[in-house]
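Engineer: Here it is, the structure, as structure tokens.
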Amino acid sequence: MQNINPTQTAAWSALEQHKADNLNIPQLFAEDANRFDKYHLNFEQQILVDFSKNAINQKTLELLRQLANECGLASATEAMFSGQKINRTENRAVLHTALRNRSNTPVLVDGKDVMPEVNAVLAKMKDFCERIISGSWKGYTGKAITDVINIGIGGSDLGPYMVTEALRPYKNHLNMHFVSNVDGTHIAEVLKKVNPETTLVLVASKTFTTQETMANALTAREWLLAAVKDESAVAKHFAALSTNAKEVAKFGIDTANMFEFWDWVGGRYSLWSAIGLSIALSLGFENFEALLSGAHAMDNHFRTAPIEKNIPTTLALIGIWNSNFLGAETEALLPYDQYLHRFAAYFQQGNMESNGKFVGRDGSPVTHQTGPIVWGEPGTNGQHAFYQLIHQGTKLIPCDFIAPAQTHNPVGDHHAKLLSNFFAQTEALAFGKSKETVEAEFVAAGKNLADVAEIVPFKVFTGNKPTNSILVQKITPFTLGALIAMYEHKIFVQGVIFNIYSFDQWGVELGKQLANRILPELQNAEKISSHDSSTNGLINQFKAWR
């Protein structure tokens, strides 16, 4: 990938000047009654992306596209898809796209096609899923599996948990449980719910050394052996999503039940790999394949659609406009679908771990904003929690509103009520409510304006708050796969333009190193003085209270 400082491009300078036009969303709609027609894109007639309620015009988009071209987006995209080692700090290719490459077109890393190995792992996953789901796989007392616990953290947990929740309508009879936190409460509460005779534990750790994951896995192992008192039972109740065959075997897991993935799969992009085994077990392998197919379709769109019609690129560019030029520091993901209740948390990791960097590809600190803070909750819950600040606060918070046109649960008029809020919120954020409108409402209600003059300012909404509306025909494995891939590619595009490396996560390491240094200090009652006064004080109080 090229090393291009975006702030030194002609497009960046032009965008800085263009910002002075102070585009206003209500005014843009007033000037063009058909604005929606020009500012939305459609993916396979299943996902509609409306970006008309942003403070942009054609000039904005032209300059943003020029910025993408000047920053080498096209060549960077081909570099990723073709297996070049674009993760320079770890000298790795970035090929989550190969995991869902349903066309089987060869993808080369160091001259070797990775697709045969990808397909071999998928075939192994399919066979394993069929045995567990059908009941032919038996536990140590000869009973079929009823419960599956996925033990992982970060990408080994967030993605599988998000997808299994999002696609709950497609679930089979297996009960799924996810354990991530090293807090013993998490594993303890899950183990209370399950029977060791009928439980399968998936241990998701590439190295099989991840501290949190292995602590939980060893606790689950002790729990099983407390019930059965036979080490051979471990092989009937544990499987590994890992590449460390030696440690897997040492744990007691049959390496025939070890599902591999590769160093070109980043953790936060790994749900498409063997890390997605919990998804396949929960939904059935055919639905896991449909998830892959949806992502592959979006990959093809991203790779081949011209920039004017390219959905992930358009969303990425508008995000850069909002954050780097209009001053937004956060982005809210607001799914109007309860099944998507972990979607924002998933892309909180996806975006913030990818683009939360302050060093450019040239090794120097950047002078521009990089990745935004990403957060969100399902609608309509958020409306009764934090929308107040979005509507009337002093922070600019661009929002993505996501909703399905068809619900899996057509209960009364619930879905119409839900979607009426979905449509109303973006309209309210864009157009607000003027002082004149507030006064007219008071008059219509029979109030004397003199009596309510003090209240009027508090009921004014300034509007001009940017939103994207993403309307999905129905949340299915295919459309969810496409939606996830859409956001993945958005993150990639922004990383290219920010001139950072999006596929490492060195920020995770320092805390781990310090925790490993502190852990032995907690094993005794001695007072600690080896840290700063704050850390010493906290550790010593912990020792006094435990």
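Placed from the backbone N, Cα and C atoms, the Cβ positions cover glycine too.
Reproduced below are the annotations present in Swiss-Prot:
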{"type": "ACT_SITE", "residues": "Glu353", "note": "active site, proton donor"}
{"type": "ACT_SITE", "residues": "His384", "note": "active site"}
{"type": "ACT_SITE", "residues": "Lys512", "note": "active site"}
Engineer: Between Lys512 (active site) and the residue listed as 'active site, proton donor', how far is it from one CA atom to the other, in Å?
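Structural biologist: Lys512 (active site) and the residue listed as 'active site, proton donor' have their Cα atoms 15 Å apart.
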Engineer: Between the Cα atoms of His384 (active site) and the residue listed as 'active site, proton donor', what distance do you get, rounded to the nearest Å?
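Structural biologist: His384 (active site) to the residue listed as 'active site, proton donor', Cα-Cα distance: 29 Å.
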Engineer: Here the active-site residues are His384, Lys512; which one has the lowest number of other Cβ atoms no more than 10 Å from its Cβ?
Structural biologist: His384
Engineer: Please give me the CB contact count at 10 A for the residue listed as 'active site, proton donor', counting all chains in the structure.
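Structural biologist: The answer is 22 other Cβ atoms.
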Engineer: In the three-state scheme derived from DSSP, which category covers Glu353 (active site, proton donor)?
Structural biologist: helix
